[in-house]
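Chemist: Okay, here's the structure, questions in a sec.
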Amino acid sequence: MVKPNMYYNELKDSYLFYNIAQKTRTYVENHPGVKLLRMGIGDVSLPLCDAVIKALHEAVDDQASKSSFHGYMPECGAPFLREAIVKYYAKRGISLSAEEIFVSSGASDELGDILDLFDRSNQVLVIEPAYPAYVDANVMAGRKIMYLVSGEENEFLPEPNEKTEADIIYICSPNNPTGAVFSRSQLQAWVNYANKRGSIILFDAAYEAFIEDEILPHSIFELDGAETCAIEICSFSKTAGFTGTRLGYTIIPKALKRNGMNMNEMWVRNRTTKTNGVSYIIQKGGAAVFSEEGQKQIHENIQIYKKNAKVLMQALDQLGIWYCGGKNAPYIWMKCPRGMKSWEFFDYLLQEIQVVGTPGEGFGACGEGYFRFSTFSSPEDTKEAAKRIVKLLS
Ligand code: MLT
């Protein structure tokens, strides 16, 4: 008889965002006609920018004619997109070769898939509160997870502890859910720790485009020595509105080796076996993000989300509620008022003012008592939500 993966028994009953979707669906079914103000999952509300739409249309036309048609794409990514990404990094002084970039169908897919590179016996370190997929993907693979708890005392940016024996380390900066961003020196400390121990950092850079403070690092490869200890996982979802289009990329330096194994070569072997590449049309759309027009347009969209963040931050300021994030990240992480627990506050907002957010407890036990707002809603909904929050909590 087939043996199922018994590690699934160790997972929570259901995934955080699935839970939220179920709860809100039930609410809407019981309150027909009600309009919810959705600031839960970080799903974008603005359409793809013109430069991307134009490129997608052109790519569709390419597929209609024999001379420009594309069949299977190269498994690790189209050269035109890999080159565009090389140039994007070069602007920040990071020198990469196209072979160090792997085009993916999205960062969340990749965060799970990349675990193929590692033996099950590795110890995983997750800095909590954390994006729950880091934990679940490793639980499914039967890996031991250690948690490094962060909090207001270290501004949700903990330092490595030399005594911790972490092999695989997840770092998300700008952070989901707290919006905290590691400074250069803080991130350098993690790079130094990883190089000293032989660990590998999985650096989730999905929110790098939201960084405003120029001194903050966008990429782990801005730090000395990162090419021998880090893999960077990037996404077009939040940067360019690709949540429903699906595209991402992963950087694995050629210098990243462990135990005589070259991680870049291993990933080539993996991708050439397990994928047939990402759609030509979508990669064309992705390349347009890096054009001059594309960059201008995606930053205009990001500014709209940043204005949403300001509206929510002003509301919390007015109420005197503690929060962080919102400035260099599209999430605001607030303390639940009146000593409420995360899910209690979720229900309270849903029932009383039809505002949906994400309970902090869903990002780990230390997130209990906190709550996350996404700033990806429409400006109208965000303003209305801020108004209702102020009225409810004043
Ligand atoms: C979030 O809300 O945390 C993100 O949208 C989830 C994701 O990127 O998959």
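We count from 1, first residue shown onward.
Note: Cβ is positioned from N, Cα and C throughout, glycine not excepted.
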Chemist: Please state which member of R338, R372 TrEMBL lists alongside Y15, G42, Y131, N176, N276 for binding substrate.
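Modeler: The record-listed residue among the candidates is R372.
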Chemist: Of Y72, Y88, Y323, which one shares the pyridoxal 5'-phosphate site with Y131, N176, Y207, S235, F236, S237, R246, N276 in TrEMBL?
Modeler: Y72
Chemist: Is any of Y15, G42, N176, R372 (binding-site residues) within Cβ reach of ligand 1, i.e. under 6 A, and which?
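Modeler: By the Cβ criterion, which requires under 6 Å to ligand 1, the hits are G42, N176.
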Chemist: Out of S237, N276, which of the binding-site residues has the smallest number of neighbouring Cβ atoms within 10 Å?
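Modeler: Fewest other Cβ atoms within 10 Å, among the binding-site residues S237, N276, is found for N276.
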Chemist: Mean pLDDT for the domain 'Aminotransferase class I/classII large' (35-389), as a whole number?
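Modeler: A mean pLDDT of 97 is what the predicted model shows over the domain 'Aminotransferase class I/classII large' (35-389).
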Chemist: Ten-angstrom check, please: count other Cβ atoms within 10 Å of the Cβ of Y72 (pyridoxal 5'-phosphate binding site), all chains counted.
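Modeler: Neighbour count, Cβ to Cβ under the 10 Å cut-off: 8.
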